[in-house]
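K.L.:
Sharing a structure below in structure tokens format, with a few things to ask.
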């Protein structure tokens, strides 16, 4: 498992994510044209909030368990852990549902209800993907991502055409998630895997919760800008939500790279894969920046039948770049069990949210200034994080040599 295998599996993952992104863009065309601006803002903001929840932490915990104990890993125990986590997440969702209704369900309260079932499906999908990620079966992993996007596009478009509106747009994620689950269960079933209940893997759940409290503040950082804009300055909601379709998909792209890096760091125990992943993420962001700088107006006109906000898009891409790099570093930190990241990221979230909220409440609000502030804050936290990770890794390697 060296350089060639790393880039091959990264390429497979990027192809799967590329198809997922393409179908998301096509779905965006449908939702923008068939939903009202208010409906689209409500759907898009809540959908990205659901995406921001740290379900990847469960996928990473499963992948880590499979990577370390394969081929003797007890899949029955893993599935029992899926059931336990599904129940715990459901209880937590119900507890926080009043806050979700306040932030996202003011005009469309049933969005929060549908979100409950979307979340349940994604938990199982994340766990199953973790099995294939941990065993480095990225062909099946990437195909699963592509099929999820295709079925969301087809079923969501059908729901919008028959008049289900914003609820149909989000409800399609339930159906596509279930199809994705079945796609991954069948290979395991035919390989002789037993699905009978077994003792819950407590070490897996412990690993999940440690990763959860690292990824939760990161996820909230990703959705912070849209939450503030759509809740408190809705007049800019359309511009931000259209731009987020590009910027947030690029952050998700870095997550795809991060998952490959994570699997190899756990397997190989080396950090050279992190540097390769960071270089790839930065290159992809700058390619996107150049493309949107020159073709932004054309893309907006083609996809959304408007050019409003096209000039803002390149700045939004740059705003998302530090978050894309942070995504990679956070996943690397989890692989290396750097759990000091938990207080670091929570402090980063609180200070960033406080600063951006203060700026948003100014009488002379500037959208460009708001996002420049966010980009600067993210970068100021990113630089010491990189330094700390590198220094700790160097010290760890020096200690191992002495031993």
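Numbering starts at 1 and runs along the chain as displayed.
Every residue, even glycine, has its Cβ placed from backbone N, Cα and C.
Straight from TrEMBL, here's the annotation block:
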- 12-34: transmembrane segment (TRANSMEM)
- 46-66: transmembrane segment (TRANSMEM)
- 78-104: transmembrane segment (TRANSMEM)
- 110-128: transmembrane segment (TRANSMEM)
- 174-195: transmembrane segment (TRANSMEM)
- 207-229: transmembrane segment (TRANSMEM)
- 249-266: transmembrane segment (TRANSMEM)
- 278-300: transmembrane segment (TRANSMEM)
- 312-332: transmembrane segment (TRANSMEM)
- 344-362: transmembrane segment (TRANSMEM)
- 368-391: transmembrane segment (TRANSMEM)
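Describe the structural surroundings of these features, if you would.
P.N.:
Same-chain residues lying 6 or more positions outside the transmembrane segment (207-229) and placing a CB less than 8 Å from one of its CB atoms are 44-45, 48-49, 51-54, 56-58, 60-61, 64-65, 81, 85, 103, 236-237, 240-241, 244, 248, 251, 319, 323, 326-327, 330, 333-334, 339, 341-342, 345-346, 348-349, 352-353, 356-357, 360, 370-371, 374, 378.
Note on the transmembrane segment (278-300): residues 10, 242, 246, 250, 253-254, 257, 306-311, 313-314, 317-318, 320-321, 324-325, 327-328 of its chain, located 6 or more positions outside it, place their CB under 8 angstroms from a CB of the stretch.
Only residues 6 or more beyond the boundaries of the transmembrane segment (312-332), in the same chain, are considered here, and those with a CB under 8 A from a CB of the stretch are 56, 60, 214-215, 218, 221-222, 225, 239-240, 242-244, 246-248, 250-251, 253-255, 257-259, 261-262, 265, 271, 274, 277-278, 281-282, 285, 288-289, 292-293, 296, 299-300, 341, 345, 367-368, 371-372, 374-375, 378-379, 381-382, 385-386, 389.
Outside the transmembrane segment (344-362) by six or more residues, the chain places 214, 217-218, 220-221, 224-225, 228-229, 232-233, 330, 369-370, 373-374, 377-378, 381, 385 with a CB less than 8 A from a CB of the stretch.
Listed by sequence, the residues of this chain that lie at least six past the ends of the transmembrane segment (368-391) yet keep a Cβ under 8 A from its Cβ atoms are 221, 224-225, 229, 312, 315-316, 318-319, 321-323, 325-326, 329, 332-333, 338, 344, 348, 351-352, 355-356, 359-360.
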K.L.:
Would you mind listing the long-range same-chain contacts of the transmembrane segment (110-128), meaning Cβ under 8 Å and 6+ residues beyond its ends?
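P.N.:
42-43, 46, 50, 53, 55-56, 58-59, 62, 78, 81-82, 85-86, 89-90, 93-94, 97, 100-101, 104, 148, 166-167, 170-171, 173-174, 177-178, 180-181, 184-185, 188.
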